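S.K.: One structure, pasted below without further comment.
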Amino acid sequence: MENEKNYRPNVAAIVLSSSYPFECKIFIAKRSDMDNIWQFPQGGIDKGESAKNALFRELKEEIGTDEVEIIAEYPEWLSYDFPGKIVKKMYPYDGQIQKYFLVRLKHGATININTKHPEFDDYQFVSVKQIFEMINHFKKNIYVKVIKYFEEKGYI
């Protein structure tokens, strides 16, 4: 019996404010379809699309701008399983396998979460410590791992 999981390819962005590196504030947004769930922008990679192209497309779709510069990317793809209540909605996928990018908003870029298909109803730029306090869901371990990596490399 085969027990291999079916993961959806996905990109995620840790978006730093345009004041980086002078100030390290990270964008986090509150999902409009779940109660008090804050997360980084993320989304699926379309068939034939590169991870970087998906990154820019997803940022435009979710936060209204793709005016960012890539600072770094996490060296591995990270996977997680969907919790029970989400797995039904995301069928046939059991979870996601993600490529994380650290990006900085370009000067003059404007965030607009009132997009064509809004996924968020609020957002903030916060410190790393605040990120860890705000994340209370199944992706927390991955968020901690990725942020710690970028901290160790001296990016944040």
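From the backbone N, Cα and C atoms, a Cβ is placed for every residue, glycine too.
Dumping what Swiss-Prot says about this protein:
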type	residues	note
DOMAIN	6-148	domain 'Nudix hydrolase'
MOTIF	43-64	motif 'Nudix box'
S.K.: Tally of helix, strand and coil residues over the domain 'Nudix hydrolase' (6-148) according to DSSP?
M.R.: 33 helix, 49 strand, 61 coil
S.K.: Please give the average pLDDT for the domain 'Nudix hydrolase' (6-148) in this predicted model.
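M.R.: Averaged over the domain 'Nudix hydrolase' (6-148), the predicted model reaches a pLDDT of 95.
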